[in-house]
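Novice: Pulled these features from TrEMBL for this protein:
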type     : residues : note
ACT_SITE : D244     : active site, proton acceptor
ACT_SITE : K266     : active site, proton donor
DOMAIN   : 155-205  : domain 'Sirohaem synthase dimerisation'
DOMAIN   : 214-423  : domain 'Tetrapyrrole methylase'
Amino acid sequence: MHWYPVFWNLRGRSVLVVGGGKVAARKVRALLRSGASVCVAAERLGAELRDDLEAGRIAHVAGRYAGDVLRGRHLAIAATDDPETNRSVAVDARAAGVPVNVVDDPQHCDFILPAIVDRSPLLVAISSGGQAPMLARHVKTWIEARLPRSLSSAAELMGGLRERVKARFSTLPARRAFWERMLGGPELTLIDAHRVRDAWRELEQGAEAAPPPVALVGAGPGDPQLLTLRALQLIQGCDVVLYDALVSAPIMELVRPEAERVFVGKRAGGVHTPQHEIQRQMIDYARQGLRVVRLKGGDPMVFGRGGEEAEALSRAGIAFEVVPGISAANGCAAYAGIPLTHREHAHTVVITSGCAHPDGSEHDWSALAKRRHTLVFYMPLHELDAICTQLAAHGLPPDWPAALVAEGTQAGQQVLLGTLSTLPRLAEQREIASPALLMVGKTTALAERLHWYGTPPVIARPQRERHEAVYALL
């Protein structure tokens, strides 16, 4: 370890920054956040530093750099675009006994400045020792995405409780157990929801706390990069995850390794685990005090039975939270190059099920078969031919554009483009399997031109003169 990490209290201390440009402004911004008294030595100030000067946030020594400006400083930063000036600052600072940092020049530094993730009073500093600043920034971005903003509130809450915890728990193991309960239990979730008073109340109630909330989490359409930050935080901190068949393997690889994994998948009515059994398991795990994630493909409230599961948890007196995911409709359309709406062609989006209704009821086909609609059918494969036939029978021409997207957003994505009359046969020829979405509407034809992800779409090409609707957009 070449550099010893340390956090420095600069509140009210005089710090000199030599330089008036953008790099100096970034250093000044961070110093002001720490409470330092900042003086900038520069012939000219950039716009940001001029604003700071006019607002009284900084002092300014105008003119060319001279060593006497270091007198009385607690530390100095050389941030000019002239290497010779920067080295002069380093030499003068050492002679004056002032620790110095020279931007992008570790050899002339007494200290270096890390990349910072700020969840004050919690701070995370990342440094490559000046060897790879871009790597340090990359790691900062990675950590930034994984640390919830609520950690600031959590740290303040813990600081406010320290003396009361010492008074209440006489031994170190008891105090440690209390803090571990707080950090691993529902209190942080309450803070995430900006319910700090509720968090205080939970902590005041002592060791007997309510079960942690069950998280109904949308995993998105398959690409792990489309997970929300909240979803990632929950699956990496859970004790048990109940997941369905539409959660992709790359997403499951992100789940906390120690978590119990319970498969409760089903596809288009082919039930593996009955819905009432899934709900019972969620409730049982929650009552054991475990952090439970119910992980679903897409969005839990869009054909994900999230509403039924939330009702079951509510009836059982189990708290829950809902984490939306990018829906299959949104994700698959975007990755296929299909706009769901378009000012010239589609003013309405209808999302519906492609499965036969258990009670035998039918869609209102006349209401669906509108030329200004984009229709999205979930789980359409078993009824694909019937859906296309009904739409054609209720007002849409047989040559109306349609698309089938299988394994959308994933490495194996397939996009089939055709019409109501040609798409079912094309899907059969290509042996398309679930998961898949059917999209119907003029905007689906745009995918031939707008596709950007994966292999190009497979197109059932009708004769141009007989099927003008498909080609009107191309």
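The backbone N, Cα and C atoms fix where each Cβ goes, and this holds for glycine too.
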Novice: Can you work out the mean pLDDT of the predicted model over the domain 'Sirohaem synthase dimerisation' (155-205)?
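Specialist: In the predicted model, the domain 'Sirohaem synthase dimerisation' (155-205) has a mean pLDDT of 71.
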Novice: Any idea what DSSP makes of D244 (active site, proton acceptor), helix, strand or coil?
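Specialist: For D244 (active site, proton acceptor) - judged by DSSP and reduced to three states - the answer is coil.
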Novice: Please work out the number of neighbouring Cβ atoms within 10 Å of the Cβ of D244 (active site, proton acceptor), leaving out its own Cβ.
Specialist: 21
